[in-house]
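**Student:** Take a look at this one; I'll ask things after.
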Amino acid sequence: MPQAAPASFVSHFPLKAHNTFGFDVAARYACSIEHEAQLAAAVNDPRAAALPRLVLGGGSNVVLTGDFDGLVLLIALRGRRVVREDDDAWYVEAAAGENWHAFVAWTLAQGLPGLENLALIPGTVGAAPIQNIGAYGLEMCERFASLSAVELATGEAVAFDADACRFGYRDSFFKREGRNRFVITSVTFRLPKAWAPRTGYADIARELSARGLGDAAPDAQAIFDAVVAVRRAKLPDPLELGNAGSFFKNPVIDGARFDALQQREPDVVSYRQPDGSVKLAAGWLIDRCGWKGRAIGAAAVHDRQALVLVNRGGATGADVLALARAVQADVLARFGVELEPEPVCL
Ligand code: EPU
């Protein structure tokens, strides 16, 4: 087999095009990884051996508050294929650098439904398990089979099944104990043959009705199209307005606290969880505090979805964090609820 070309280092690498907020920061070194074999060489390079590392896929879940004094690994691993099928499911593998939305569209074009509710989520396949992406009634972990990663300290390939990933709501092992320790190289999804449309989420049901599909059982492509339309209407395109999707997680509080809150705020939007706790719509809490469309300098709360913070042009990561703190303080003062950021802040 021909040897992969060694990864080449670039110093003072601009990261503006590699983070969806569009912050104008730079990395001391960056290195594009197109073949797995380049990873070990990159992390063992004497220039970077003692420096911190940052793995970037699409840069859609990170807040870069300044220049990164270390090595950025830009994951450009490509490839996607159906690896096998059994009586119950198809197994589809994609390399970490594949664009998530293009991958979802490709699975549907192969006649393989199951990921359509997750259409148009920015970022790469390799980033999807890190925060267990989710939307419109589906979380990625429900379609996950396994992933391959390389441990940075040893260069060893390691396989993770779903248990090892410890998925939670916008959470996994890779955001906690495994943070900065592994580079995900590929992910395999299990798409059950017994497919059923998931259209319970109000925005999707409404969009399907508007398209005359309210009573018919929609196919996966129709759901994909509806999800794309709903997202385009509410969520800003990072290419037009820098953002990282929801900036905060929807907070979960215990049932007793919720009952007290609901007494005071009867309209509070909430979702009862199977264990009796209650998830609150952070967007509603922020909106109710009057933050929708408000800005501090060039960092603003999006005017169509208060859960999204945006860079109106020229904002820094510090500006966005200052805005986030102001929003958190108001939500805490009014509702007694703490909001936790969803993206990783560096
Ligand atoms: N709401 C408001 N005002 C707002 C925003 C929301 O009143 O400004 C209310 C809505 O009317 C609705 C409720 O809050 O009753 C929930 O809003 P929405 O359906 O837009 O969803 P969300 O809870 O704000 C979550 C995810 C999104 C995902 C959508 C759809 C999180 C942190 N966010 O948002 O994920 O697309 O549900 O499933 O869980 C992301 O993680 O980056 C992301 C965009």
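For all residues, glycine too, the Cβ spot is worked out from N, Cα and C.
Dumping what TrEMBL says about this protein:
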type: ACT_SITE; residues: Arg170; note: active site
type: ACT_SITE; residues: Ser246; note: active site, proton donor
type: ACT_SITE; residues: Glu342; note: active site
type: DOMAIN; residues: 22-194; note: domain 'FAD-binding PCMH-type'
**Student:** Using C-alpha atoms only, work out the spacing between Glu342 (active site) and Ser246 (active site, proton donor) and round it to an integer in Å.
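**Tutor:** Cα-Cα, rounded: 7 Å.
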**Student:** Let me know the DSSP-derived helix, strand or coil state of Glu342 (active site), please.
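**Tutor:** It is coil.
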**Student:** Quick check for the class: what is the C-alpha distance, in angstrom and rounded, between the residue listed as 'active site, proton donor' and Arg170 (active site)?
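**Tutor:** Distance between the two Cα atoms comes out at 11 Å.
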**Student:** Any idea what the model's mean pLDDT is for the domain 'FAD-binding PCMH-type' (22-194)?
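**Tutor:** Result for the domain 'FAD-binding PCMH-type' (22-194): average pLDDT 95.
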**Student:** What is the Cβ neighbour count of Glu342 (active site) at a 10 Å cut-off, with all protein chains included?
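**Tutor:** If we count other Cβ atoms within 10 Å of Glu342 (active site), we arrive at 21.
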**Student:** Would you mind pulling the DSSP three-state label for Arg170 (active site)?
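**Tutor:** Its secondary structure by DSSP: coil.
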